[in-house]
């Protein structure tokens with residue numbers, strides 16, 4: 001009988017624990033919401049950043065394309081072929097040849113004085129290589145202060161040289177073409193990015209990254225504020241809610257998801273609509289991608305919190321990771337061309353999978369089935385980062401907090417002294 005009662009009591013205790021989890025989770029979520037709206041820095045990261053950054057990036061590249069970028073030509077060959085090449089370059093809508101330069105020094109001077117934004121250098125052996133049917137090279141230099149100029153120069157030079165090369169090679173089969181017509185009729189039809197603009201190509205990758213960075217930075221600032229409160233209160237956070245590890249992690253996540261419902265819809269659905277970017281995905285498809293993405297980012301932010309001890313530390317995180325995350329997403333360099341190391345690092349970031357899936361559904365009209373692999377990877381990252389967040393909370397942060405409380409119990413000024421020493425400040429005792 002006693003054994004039966006003991007077993008029944010154990011079941012009741014387990015049931016009470018399971019029932020207590022949702023209550024603790026809601027308490028943590030409520031506490032976290034109050035902290036969000038009480039901290040102007042977190043409000044800026046969560047809401048203002050999501051509202052301003054997409055507009056700022058979109059307005060910068062709203063023109064999509066730039067016409068008639070001024071360039072100078074250094075013609076070291078001075079042949080009929082090079083003069084024809086320059087005429088074709090000048091006839092393109094992308095660039096305008098405004099001058100000839102005698103040498104590279106003169107061209108650099110014009111580039112530094114902003115008279116031109118690019119240099120096309122034709123080598124002396126250009127015509128000889130073309131006449132022998134060999135590969136001829138051009139040297140192209142561009143002012144990289146605006147990526148649109150580089151894109152225009154590269155596009156114009158590539159198209160013109162390919163056209164001239166095709167016409168040179170076609171001379172050998174001209175009789176056949178004249179008698180039978182064109183062997184293969186080719187026509188360029190852009191798919192997805194119909195405007196061939198840089199904004200439509202890049203910003204669909206950038207928008208999910210804006211959401212990720214803003215959420216991670218906001219979470220970091222909240223944790224930095226909690227750490228600072230502990231320093232001033234003998235290792236205790238007066239706003240802490242006593243709860244287990246899992247309810248704490250889930251409660252914070254619930255808060256962050258509720259905070260980001262409107263920002264995610266605004267950034268991922270309405271921003272492309274405002275600026276006429278390619279938008280083939282429905283709001284439902286966007287939300288189906290956003291749910292695992294937001295969950296994985298929220299857990300990732302909590303898993304990385306052991307790196308943050310001050311509110312200001314999040315700015316270092318922003319400066320160090322933003323460009324790296326953009327690169328790893330594949331927008332500036334294709335992921336399949338990266339080394340295995342960088343592919344692995346990129347695969348651990350929610351923004352990598354979300355950016356590629358989002359660009360596919362918005363620009364190319366892919367369905368959720370077409371991006372099923374990306375969705376599975378987002379859910380896999382969600383589970384992995386949830387485990388890491390629990391490990392960080394239970395095995396890293398809480399033991400560290402208990403150590404802070406023990407140190408403060410022995411010496412109430414120990415935490416102040418520790419922070420001062422860590423920041424390189426000498427404390428003079430009376």
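Glycine is no exception: its Cβ is also placed from the backbone N, Cα and C atoms.
All annotation found in TrEMBL is predicted automatically rather than curated by experts.
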- Note on the structure: Here TrEMBL annotates transmembrane segment, and of 171-194, 243-266 the range meant is 243-266
- Could you tell me which of the ranges 134-153, 314-333, 334-353 is annotated in TrEMBL as transmembrane segment? 314-333
- Message: According to TrEMBL, transmembrane segment applies to one of these ranges: 98-122, 198-222. Which one is it?
- Response: 198-222
